[in-house]
Amino acid sequence: MLKLIQNNREITALIAILCLFGLLSVIDHQYFSLQTVTLVFSSAQILILLAMGATLVMLTRNIDVSVGSIAGLCAVIMGMSLNAGFSLSVSCLLTLLLGMCAGFFNGALVTWLKIPAIVTTLGTLGLYRGLMLLLTDGKWIEGLPDELKRLSAPLWLNISPIGWLLMILILAMAWILAKTPFGRSFYATGDNLQGARQLGVRTDSIQIIAFSVNGVMAALAGIVFASQIGFIPNQTGSGLEMRAIAACVLGGISLLGGTGTVIGAILGAFFLTQINSGLVLLKLPAWWNDFIAGFVLLAVLIFDGRLRCAIEKNIRQQKYARFLKNDKSNQVT
């Protein structure tokens, strides 16, 4: 039973989502509907993108706490580019390039200079956030064009163009991680770094790619943020990194690396966003969001640690069970 839960964390996250849907449907009978699912999915798109990027980094046994600042900085660059007269496609390209460079910088510091990931990204968190405020002079960016806002406008099945693009990205990343040698390299790097090197995996390159893709996902999150609300506050992205990590852990991504799937992380992001919608339904203040996200993260970490200890204990018992049986039989004879 313990192994079943450990090996199927996506199913447990899905069950949690369905249970929460059931609970909220008791309060409001119209809550459990296709419209609600699409609305929650639309609200979850930013967190899903950040969780997808965080998945790659965490699989390699690293962590990035600067993604919220990267998303905010990229949103600012997006807004400034559009207001400067650049086309939407050029502005998006510049934004994605900036996100990739920011992620690459994090990865280079971690792999080439051997600075611990948590220390590196704590430093760049302040660096990117400060650069964002310097560029805007602490002001909001407003007056964004309608063509940007149309990216998040409902389309077929009440899902926006960005929503459909996101689903394609989810399927592509899930397939790459599960079915390709390149994808399995992320698991090998996080599970056993030295062993992966002996098998020919270019672990430094894999880690840099993980951070770079993480930066691109953060840039996409910044674009989605700008398109959804139509302006860019000076605190855009603040606190999102903790929610992204919480979503990954909730979905079964191990902080020790080498374990988990991107589908699990996405379900975790959906669940956390669903909690937010539940708070709106219950008419609770918005500042409960961070408290609940922190509580869920702590609870999942405790559960994950206890589950891991229980599984290891069970494996040890099975390993030495036959020796104990032999000792007992010798004592009887």
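Backbone N, Cα and C define each Cβ position, glycine as well.
Within the chain carrying the transmembrane segment (14-34), a Cβ under 8 angstroms from the stretch's Cβ atoms is held by residues 158, 250, 267, 270-271, 274-275, 277-278, 281-282, all 6 or more beyond its ends. Summarising the annotation, Swiss-Prot assigns transmembrane segment to 14-34 (among others) and lists sequence analysis as the type of evidence.
If you look up Swiss-Prot, you'll see 39-59 (among others) marked as transmembrane segment, on the strength of sequence analysis.
Sequence-remote contacts of a segment are chain residues at least 6 beyond its ends whose Cβ falls under 8 Å from one of its Cβ atoms, and for the transmembrane segment (70-90) they are 46, 50, 96, 98-99, 102-103, 128-129, 131-132, 135-136, 141, 143-145, 147-148, 215, 218-219, 221-223, 225-226, 231-232, 235-238, 240. Swiss-Prot lists 70-90 (among others) with the feature transmembrane segment, giving sequence analysis as the kind of evidence.
The transmembrane segment annotation in Swiss-Prot covers 93-113 (among others).
Feature annotation from Swiss-Prot assigns transmembrane segment to 115-135 (among others); the stated evidence is sequence analysis.
The transmembrane segment annotation in Swiss-Prot covers 157-177 (among others).
Remote same-chain partners of the transmembrane segment (206-226), defined as residues 6 or more beyond its termini with a Cβ less than 8 Å from a stretch Cβ, comprise 45-47, 49-50, 52-54, 56-57, 59-60, 62, 64, 67-68, 70-76, 78-79, 92, 95-96, 98-104, 106-108, 110-111, 144, 148, 151-152, 162, 185-186, 189, 232, 236-237, 240. The transmembrane segment annotation in Swiss-Prot covers 206-226 (among others), and the record cites sequence analysis as its basis.
Under 8 Å from some Cβ of the transmembrane segment (252-272) lie the Cβ atoms of residues 9-10, 12-14, 16-17, 20, 40-41, 44, 47-48, 50-52, 54-55, 58-63, 170, 173-174, 177-178, 187-192, 243-244, 246, 293, 296, 301, 304, all in the same chain and six or more residues away from its ends. Per Swiss-Prot, transmembrane segment is recorded for 252-272 (among others), and the stated evidence type is sequence analysis.
Per Swiss-Prot, the feature transmembrane segment maps to 284-304 (among others); the stated evidence is sequence analysis. Counting only same-chain residues 6+ beyond the ends of the transmembrane segment (284-304), those with a CB under 8 A from a CB of the stretch are 239, 242-243, 245-246, 249-250, 254-255, 272, 275-276.
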Under a Cβ pair cut-off of under 8 Å, which of the recorded stretches 39-59, 93-113, 115-135 contacts the transmembrane segment (157-177) most often?
39-59
State the non-local partners of the transmembrane segment (115-135) in its own chain: residues 6+ outside its ends, Cβ under 8 Å from one of its Cβ atoms.
57, 62-66, 68-70, 72-73, 76-77, 80, 102, 105-106, 109, 234, 236, 238, 241
